[in-house]
Amino acid sequence: MAEYRLGVQLHGHADDVRGICVCGDAGIATSSRDGTVKFWTRSPEKESEYVLSKTLTGHSSFVGPLAWIPPSDRFSEGGIVSGGMDTFVFLWDLHKGEVVERMKGHNSQVTGLAVDTNGDIISSSMDCTVRRWRNGNAVEVWEAHKVAVQTVLKLPTGELFTGSSDSTIKLWKGRTCIQTFSGHADTVRCLAAMQGLGILSASHDSTIKLWALTGQPLLEMIGHSSLVYSVDAHSSGLIASGSEDRSLKIWKDGVCVQSIEHPGCIWDAKFLENGDIVTACSDGTVRIWTTDTNRFCSHEELAAYKDLISQYTLSRKTVGGLKLTDLPGVEALQVPGNSDGQTLIVREGDNGVAYSWNSAEFKWDKIGEVVDGPGDAAQGQVHDGVRYDFVFNVDIGDGEPIRKLPYNRSDDPYAVADKWLLKENLPLTYRQQVVEFILQNSGQNNFVPDPSFRDPYTGGNAYVPGGQPSSSNGNAPKQIFKHIPKSGMLSFETAQFDGILKKVTEFNAALSSDSEQKQLSLSETEMSRLPAIVKVLKEASFYHTSKLADADMALLVKILMSWPAKMMFPVIDFLRMFVLHPDGAALLLKTIETGNDVLMETFRKAVAPPVQPANLLTILKAVTNLFDSSCLHQWLRIHCAEIIDSVTNCKSSFSKNAHLAYATLLLNYAVLSIESKDEQSQAQILSAALEIAEDDAQDFDSKYRALVAIGSLMQKGLVKSLALDLDVKSVASSAKASMDSKIAEVGADIELLTR
């Protein structure tokens, strides 16, 4: 078989390229974590090259699956369907570059798309459902699996398949499952048709399988060393797969005939009709690989690509289980050793070389080159060229940089802590924290201090609060987190009451002077009651004795239900403070239970287009404050999905303060959904919080609260596996690199949960 070589590289996306859609002869569509869909067409100057034709923007978070609708009377240049983490399915008119249908219904990330022969759009989602859309409306919805649906495939012959995190594939007739294919040991991530034979599946168990349409497994392809994200087949019989292991593998008759390394994981791989292969890589680049010598890239571009791979490989290379770039250079040999036989590993070119300290001759003797071997990665780490069982990254907080703490299991952790604190010029008050950190992260929960050890500062034995740790249970040490899980609710408790009253008075005067709206205005008696209510609300320390009356609630209801939307915001702000009073919350619940859900009516009015930013901000804060009263928790649970969906649709109207209020709302909902063990709500909240956490434009406070919600849901909720499927590791990694110490710390908390 002719060998595939690099043909074209398409640069344009600002982040991971997540999806590829081959759009017949028209071109190639790609989706990205950068929130865009890009359409590439063949260059008019050179047919083997592609140029960026259109960039489609509209999703508020990363875009994943894509589907193609060929040109028709409706779409002169064809249509593209896209699904995003924002839970939307969009249908784009390629000629106009505009969204013509926005399909909202999923409660979590859209994972798969297919277009039926009648034009219906079929989508799958992390919310466990499959939806069939016709003219922008959902005409069928069903729970396809009990856990996340990762992919959907519609064959031209009519069969519909889904793949799931439950490791199965299901064959559907309408909404009825007629067969379940079992055989994978982990998530089924991608499905593809294999003409004349059946279907292909790619799995997180690192394998690809070929199945007959009857469910019989025909072939298993083993070769990837990590999660397989994508698979596709060509009419020639070739199969292509992309993986977390950074390789594109090409298979023929079940045998891997070529493996092409990439500088990042491969999220998607698709064949073009001519046999070329398109790959979507986490480095933000789309690449086309070909066997046609006429379409090979230039020697210079190929050399540059090989150099890129070489640099990437070098940055990840290990010797003896050690990262090459972490080793000291040969200049470290200028420093004498501490004891005879001490081992030092240094970086010499692209290799790690071991030396032993010779005390008699006062020099380093070369032992030889260090190479990887089975189990090497578990044999310890190196700090300053010396091998240790562990080298911990210690975050002491307070804005201090990360410190390295080397440790051997044979060491006394108290002695190590004392020596390290002295070396790092840190207060000895950190001593017990450091010891506990060492014991927890080294798995030495059964550690018993050596009775011969003497504290260098007190002369006594090592101090262990509460006596010696128990050595009887042998359980793994409990993980300790700085910022998760969140307990209790947050609220917005300060208000400019004078400003609120002034605005209500101004709006009431405007209504009184308008002959058509005069009947909506408040009487003098009603207006005089508002300052009296404010007086009660201002005295928060007397909430346990002060009272609010039914008439006070009735007055608020009257204004909220009758005043025009443009005048609502000061009254909603009034309501925000009203519900913090125990009587206020109880009166509101009493009103709702009589059948007058003024709260939901006010919410819907506040988020209805055209959205008034002031209404949006005040209603977000008002709903957030409802969590302060347990009597309103059931109402919040019932309306969770609608509230989050509606607010998500208004995000384009958010101010900075609205972003913070929304993040606070999600954090409160996370706490509530954990208490009620509501997995469906947890999944929706997780998805919304991840959108905030992934948005680089968010302010630190909003991002921090979203991250705390994510971490809390993962630790105490029911959606940890879903979070991992949603690539929470990348979110945690980005957070850890933040300049804001709180975000970096909660990022570290989340990363600890992913291990």
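Using the three backbone atoms N, Cα and C, a Cβ is placed for every residue, glycine included.
The shown structure was predicted, so the numbers you read here are calculated from the model rather than taken from an experiment.
The annotation domain 'PFU' is assigned in TrEMBL to 356-452.
For 482-753, the entry in TrEMBL reads domain 'PUL'. Per-residue pLDDT, averaged along the domain 'PUL' (482-753), amounts to 91 for this model.
The repeat 'WD' annotation in TrEMBL covers 10-40 (among others). Nonlocal intrachain contacts for the repeat 'WD' (10-40), taken as residues 6+ away from its ends with a CB within less than 8 angstroms of a stretch CB, comprise 50-57, 59-68, 70-71, 77-78, 80, 82, 84, 92, 94, 264, 267-273, 278-288, 694.
If you look up TrEMBL, you'll see 56-102 (among others) marked as repeat 'WD'. In the repeat 'WD' (56-102), helix, strand and coil residues by DSSP number 0 helix, 26 strand, 21 coil.
Here TrEMBL flags 103-133 (among others) as repeat 'WD'.
Tertiary neighbourhood of the repeat 'WD' (142-173): same-chain residues 65, 108, 111-117, 122-130, 179-182, 184-193, 199, 201, 203, 205, 211, 213, 215, 721-722, 725, selected by CB-CB distance under 8 Å and a gap of 6+ residues from either end. What TrEMBL lists as repeat 'WD' is 142-173 (among others).
Residues 150-153, 155-156, 159, 161-165, 167-171, 227-233, 235, 239, 241, 243, 251, 254, 256, 725 of the same chain, all 6+ positions outside the repeat 'WD' (181-221), place their C-beta atoms under 8 angstroms from a C-beta of that stretch. Marked as repeat 'WD' by TrEMBL: 181-221 (among others).
The annotation repeat 'WD' is assigned in TrEMBL to 221-252 (among others).
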| said: At a C-beta cut-off of under 8 Å, are there same-chain residues at least 6 beyond the repeat 'WD' (103-133) that contact it? List them, or none. | reply: 64-69, 81-85, 87-91, 139-154, 156, 158, 160, 162, 172, 641, 645, 649, 680, 683-684, 686-687, 722, 725-726
